Amino acid sequence: MKTPIEVKILDPRIGTQFPLPAYATPGSAGMDLRAMVDTELTLAPGETKLIPTGIAIHVADPSLAAVILPRSGLGHKHGIVLGNLVGLIDSDYQGPLMVSCWNRSDTPFTLTLGERLAQLVFVPVVQAQFTLVDEFERSDRGEGGFGHSGTQ
C-alpha cells in the first residue's frame with residue numbers, strides 16, 4: 001500500500017539532473033536523500049554540517065511521521081553519520097529537509113553534488129495518553145534498568 005505524501009522541490013536539479021527520492025527495490029524501506037550542495041563540501045574530522053536535500057515534505061497524516069536515517073555504507077566505510085543520530089519529521093512540518101552530517105572519522109570526507117547521504121523512512125505513530133497510577137502491575141522484569149533483561 002502506498003500513502004501519498006506531498007513533496008515540494010526546492011532545488012531545480014531534483015527531477016532534472018537527479019531523481020526525486022524513490023524506493024530502489026520493492027522491498028526497500030527507505031528512499032535515498034541526496035546532498036544538494038552548490039560545490040563539493042569537505043567535512044573535516046569531527047566536523048558537523050547541515051546539508052540541504054533540495055526537497056520539503058508535508059506528511060499531513062498525524063498517524064505517520066518520517067525519520068531521516070544514516071546510510072550504512074557511509075557510516076561503516078567513511079565514518080559519516082547523522083549529527084543528531086536520527087532526524088524526526090513530524091506530520092505537520094512543511095519546511096526543507098536538511099541532513100546533519102557528522103564526520104566521526106579521523107580523515108576528511110568530501111561530499112559531492114547529488115551524493116546519496118541519508119535515507120527517508122516513513123513510520124506509524126501512536127500518540128499516547130498517560131494515565132496516572134500509584135503503582136504498576138508487577139512484572140518479571142520489574143525495575144531492572146539497562147542490561148537487566150538477561151543475556152539469553
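We count from 1, first residue shown onward.
Every residue, even glycine, has its Cβ placed from backbone N, Cα and C.
Applying an 8 A CB threshold to same-chain residues 6+ apart, the list for N84 (substrate binding site) reads S100. Residues annotated as substrate binding site in Swiss-Prot: R71, S72, G73, N84, L88, I89, D90, M98.
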Which site among L88, I89, M98 has the most other CB atoms no more than 10 Å from its CB, taking these as binding-site residues?
I89
Let me know how many other Cβ atoms fall within 10 Å of the Cβ of D90 (substrate binding site).
12
Rounded to a whole angstrom, what is the largest C-alpha distance between any two of the residues R71, S72, G73, N84, L88, I89, D90, M98 that the record assigns to substrate?
26
